[in-house]
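What TrEMBL says about this one:
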| type | residues | note |
| --- | --- | --- |
| ACT_SITE | A:GLU55 | active site, proton acceptor |
| ACT_SITE | A:ASP66 | active site, proton acceptor |
Amino acid sequence: MTGTGTTTRLTEVLAAARADNRAALVGYLPAGYPSVEGSAAAMRAMVEGGCDIIEVGLPYSDPQMDGPVIQRAVEHALAHGTNTHHVIDNVRAVAETGAATLVMSYWNPIERYGVERFASELAAAGGSGVITPDLIPDEAHEWIAATDRHRLDRIFLVALSSSDERVAYTTRHCGGFVYAASVMGVTGARASVSTLAGDLVARTRATTDLPVCVGLGVSTAAQAAEVAGYADGVIVGSAFVRALLDAPNERAGLDAVRALAGELAEGVRKR
Amino acid sequence: MSSTAQLPDPSGHFGVFGGRFLPEALIAALDELTAAYEKAKDDPEFQAEFTGLLRDYAGRPSIVTEAPRFAEHAGGARIILKREDLNHTGSHKINNVLGQAILTKRMGKTRVIAETGAGQHGVATATACALLGLECVVYMGELDTQRQALNVARMRVLGAEVIPVAIGSRTLKDAINEALRDWVANVDTTHYLLGTAAGAHPFPAMVRDFVRVISVEARQQVLDLTGKLPDAVCACVGGGSNAIGAFHAFIPDEGVRLYGFEAGGDGVETGRHAASITGGSIGVLHGARTYLLQDEYGQTQESHSISAGLDYPAVGPEHAWLHQTGRAIYRPIDDAPAMEAFRLLCRTEGIIPAIESAHALAGAIEVGRELGPDATILVNLSGRGDKDMHTAAKYFDLLDAEAEQS
Ligand SMILES: Cc1ncc(COP(=O)(O)O)c(C=O)c1O
């Protein structure tokens with residue numbers, strides 16, 4: 001389901017959450033774990049549980065931003081032949097639910113698939129946009145043109161180490177929302193969410209009217225509520241992957257991610 | 001070609017190659033490093049400290065050695081070896097490491113991390129950290145820690161912590177990923193001392209500048225010895241540091257042919273090789289746009305080579321550019337001719353080369369036969385082969401059954 005007119009489904013979903021006076025819940029899973037069908041089913045279960053936005057991860061051989069939990073799932077997905085077509089298939093399966101659907105991908109797989117081809121197939125599948133953790137706007141000329149052509153939201157990251165100038169430069173090139181990375185480090189659950197994240201969100205808001213979503217390290221409802229206190233969206237990845245990895249079988253995995261989404265969805269409503 | 005000396009452009013591009021393809025969290029560190037390096041480059045104090053260490057610690061200038069008995073097998077061309085094997089720690093790697101280690105101190109950082117494949121860069125880094133009192137952590141693929149157990153011990157003796165990386169292909173590329181993950185989390189105190197002329201800007205340019213001394217010295221040494229410039233320069237290419245160091249001062253000399261020899265492994269046609277330029281395609285890996293080994297979906301493919309130091313699925317962006325412009329010529333050398341050249345240099349000149357460098361020697365044999373007896377060929381002997389005795393002994397079946405047991 002694509003957005004209406006010039007806004008994407010992503011923008012609509014974030015606006016609806018804001019109107020509800022709550023943060024949106026963004027859930028990540030890599031395509032292809034435990035299988036291509038299995039990841040689609042798990043993402044749909046996350047939507048049933050309360051995720052507003054799903055990030056479909058494109059499994060990549062060299063995931064520099066990811067910690068051991070996501071690495072393990074991604075390695076399994078690649079070993080079982082998951083490829084870019086499967087990612088687009090997962091996007092289609094999730095977008096049909098009405099959730100806003102994004103792809104999270106390192107840059108090389110997109111460049112190799114063909115920037116124009118990737119953008120057009122993603123838009124046709126109902127995707128709203130793409131998060132690119134290792135692409136900065138400075139290197140994104142072709143990507144900016146292709147995403148503009150296909151009305152996809154480009155989501156770049158801002159970091160605790162970003163200068164105010166770089167935050168402004170980065171948000172200027174974003175659409176949908178700005179991804180604020182709350183810790184200096186890789187993905188993975190953490191005991192506490194950095195107190196510096198609030199400051200980064202404030203610095204980001206000073207440069208843009210776009211929603212700001214916070215990711216890296218959130219795994220519990222309490223952390224989700226804390227982040228929802230200052231962000232427009234709470235991004236959870238490793239905790240969902242962990243729930244799948246720890247489940248004894250696929251059915252239990254679906255129940256686990258649905259339940260986790262339910263808890264986190266309550267969290268983002270307790271800001 | 002005269003503009004090449006000014007590359008990369010201010011944002012780190014060599015034509016379409018290079019740049020910065022890393023998480024935003026690291027951009028501030030790359031900016032800080034760029035600024036520190038730009039300042040150091042023009043600072044006589046830094047240059048004095050760097051050249052002082054190269055002279056008094058690493059043993060520069062390295063000599064050149066003519067190799068007439070070896071040359072008989074290379075079409076009779078005159079072969080001159082640039083002896084980077086005689087540097088402290090046994091390879092060209094020490095040049096770059098000393099430069100970056102001094103820079104680390106100037107940036108006020110106390111901790112150094114590095115990746116290593118064969119262990120040569122890890123050993124050089126552990127050495128410089130011991131010398132300058134820096135904490136040192138080296139990431140090494142688990143597979144490589146087994147293949148290069150002796151170098152693991154060398155690093156530990158020097159006080160470095162060696163962390164085996166057990167994810168992905170468990171080789172050099174995964175060690176780089178793990179080092180990058182460490183860097184993101186510890187960037188305030190830590191410098192990532194990258195071991196080759198690859199990665200995100202400013203690494204390719206900075207590493208090149210630190211190893212450039214190879215060609216600056218060799219150019220004058222060949223002139224002094226022969227009265228003219230060489231007709232060709234040969235170097236092996238892994239990530240590309242010794243090759244860019246051997247090429248760079250010759251780039252404006254249009255009459256000097258530049259040859260880079262990549263690891264052909266079992267043969268480029270078998271798919272089991274490490275020839276990124278001759279057997280790969282353009283993409284992005286470890287922070288730069290360059291040539292790499294990848295499948296149709298952009299997944300990095302594993303490289304293969306008998307030489308651990310060349311066993312890397314990408315190459316520095318300046319080589320990608322030199323290839324695209326035609327200024328340098330890149331060819332694969334398979335395991336077998338490399339090992340033949342290894343043995344030949346041992347037997348004809350009494351010099352045991354690193355197996356990496358043996359790829360340049362095998363290439364020089366080819367080039368010598370093409371250019372004929374009037375040609376002079378400079379070969380960069382990037383390292384010594386002590387570390388490769390185990391591989392060579394196995395390859396040539398030199399160990400007694402009993403010795404093989406232990
Ligand atoms: C002796 C020697 N030569 C060459 C290389 C390849 O690296 P580069 O291409 O950066 O010179 C290595 C790497 O370990 C090495 O030890």
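Placement of Cβ uses the backbone N, Cα and C atoms for every residue, glycine included.
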**Report entry** Densest Cβ neighbourhood among A:GLU55, A:ASP66 (active-site residues), 10 Å radius
**Finding:** A:GLU55
Report task. To the nearest whole angstrom, state the Cα distance for the pair A:GLU55 (active site, proton acceptor) and A:ASP66 (active site, proton acceptor). Result -> 14
Query raised in the report: For A:ASP66 (active site, proton acceptor), what is the secondary structure state per DSSP, taken as helix, strand or coil?
Result: coil
